[in-house]
Each structure stands twice: as structure tokens, then as C-alpha cells.
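Listed features, source TrEMBL:
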TRANSMEM  15-43  transmembrane segment
TRANSMEM  55-72  transmembrane segment
TRANSMEM  78-97  transmembrane segment
TRANSMEM  109-127  transmembrane segment
TRANSMEM  133-152  transmembrane segment
TRANSMEM  173-192  transmembrane segment
TRANSMEM  198-219  transmembrane segment
TRANSMEM  246-265  transmembrane segment
Amino acid sequence: MLKQRLITAIILAPLALWGLFGLEGFAFALFTGAVICVAAWEWARLSGLPRPGHYLYPLGIGLALWGAWGQPHLLQQMLWAGVFFWVFALTLVMTYPKTVSWWRCPARRAIMGIFVLIPAWSGFVLLRDTGSFWLLYVLLIAWVADIFAYFAGRAFGKHKLAPAVSPGKSWEGVAGGLVGTTLLSLGASFYLDLSPANSLTLLLITLVITGVSVVGDLTESLVKREAGMKDSSNLLPGHGGFMDRIDSLTSAVPVFAFCLLYIAGGSL
């Protein structure tokens, strides 16, 4: 398993870095759109759609992305949809298993996927249009939070975050993630030479996105649980599927893009 993970990472990491930071404009939108469409195929399977839906669902997602490309106003509206959805998803996750009937409906899970995937793509495109820094920053938020949460959870984890959803996650792990991303925010503020006010704004946004990334992770965990699947697919040997790699980003990216656009005025 470890060998598979290493081989996949060695192949995938350079490709991902090239696609995210080496491409711009339409090429970037096409690259990220392809990833989203593969994730849509996985989501269709997780949703329990009949076999034709496994192909029609990602096709529909792809056509929606194609129609939205080059329309900034529409892309921004998608961010609003994403923000409202993740507030709704937080409610569903934290009240589980009382909301179990909602999660077990294939049609509802399929509709949820639309709000998971399309706003995520919109966030990627809008962030890339600002350059590379903020796209890299939101990726680092998700990765740093995940790493710090893992080690903090292993060392101190006693109080379960959502035991019915993901028994391995703890409040101590979340706290560790917040510590890690706080350090990241301070480092970014120093690098950008931000004013105290802008540094505080960045810190608050970073902490919010850290929490939002956890919601994204828990949401996919719940969908997989109700689908009776451990991984979203086996497309990435040793890593599961594409959704398993980007679950926290599907929530973090659109909400961060929203905050940057509407709270920080597009920049800090």
C-alpha cells in the first residue's frame, strides 16, 4: 500500500502542480474542469444513481462548466450558491444521524454534488485569475490543517468531533489544525508585509476556511458511509479516488474565493 501511495504521488504531484500553476485562462479552466468531471463520475456512483447516470451526471456537470466559462458574473453567483450550500451541509452533518433519511436519498445526494463540484471549479478559476499566490494559499490552508489535525488528534484526541460520521476525527485535531493555519496566516502576513488590520482579516478568513475544510471532509465521509464505500473510487492507487484527494478543497476553495472577493475586496 505504501509503495502504491508513493508511486501515485510521484506521478500525480508534478502533474497537479503543472496544471494548477503552469496553466492559465482557458487551459487552466479545462484542466480543473476535467478533474471536476472525474470527481462527478465518482459522486454519481456514491449517490447511488443507476449506471447510465454514472456517465450522464459528469456530462451534465461538464456542460454546466462549459456554459459558465468566460462569464465572471455567473462564476461569482456560483460562489454564493457554494457558501449557502456549505452552511446547509454543516447543519446536516452536525445533526446526523437525525438527518439520515436525507443522506440516504440518491436524488438528494446527486443534487448535493452539483453544489459541491460546480462552485469549487468556479472558485479555482476566479482565484487563478488573481495570480498564483492566493490559489497556493488556500491549498496550503487545507494541507496544513490536515497535517496538524492528524498529529494533534493522534497525540491528544479524546473528544470526538462527529462520532457518527467520522470516528477518527476529534476536537483536539481541529484545534491542532487551527494552530497550524494560524501560523500559516502569520507567515503569509509577514511575507506580504500586510498592515495589522489586513493581517487580522487574513487570520479570521484563514480560521473560517480551516473550519469549512473540515465540513467538506465530513460531508464526503457521510456520502461514502451512506453509499457503503470506503473510497470514492480506485482511480488513484493507494489514495482512493479524486474526491478523496479534493474533499476538503471543494468547500475551502469556493468559500475562500468568496471571502477574498466580497470581504477583502479582491486582495489584501
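Using N, Cα and C of the backbone, Cβ positions are placed for all residues, glycine too.
Counted over residue pairs separated by six or more positions, the transmembrane segment (15-43) shares fewer than 3 Cβ pairs under 8 angstroms with the transmembrane segment (78-97), which leaves the two as not touching.
Long-range neighbours of the transmembrane segment (109-127) within the same chain, counting only residues 6 or more positions beyond its ends whose Cβ lies under 8 Å from a Cβ of the stretch, are 28-29, 32-33, 36, 39-40, 43-44, 46-49, 53, 57, 61, 64-65, 68-69, 72, 75-76, 78-79, 81-83, 85, 89, 103, 134-135, 138, 216, 219, 223, 226-227, 246, 249-251, 253-258, 260-261. The stretches the transmembrane segment (173-192) and the transmembrane segment (198-219) meet in space: the count of Cβ pairs below 8 angstroms, excluding pairs fewer than 6 apart in sequence, reaches at least three. Sequence-distant residue pairs (6 or more apart) of the transmembrane segment (246-265) and the transmembrane segment (55-72) include fewer than 3 whose Cβ atoms are under 8 Å, leaving the two stretches without contact.
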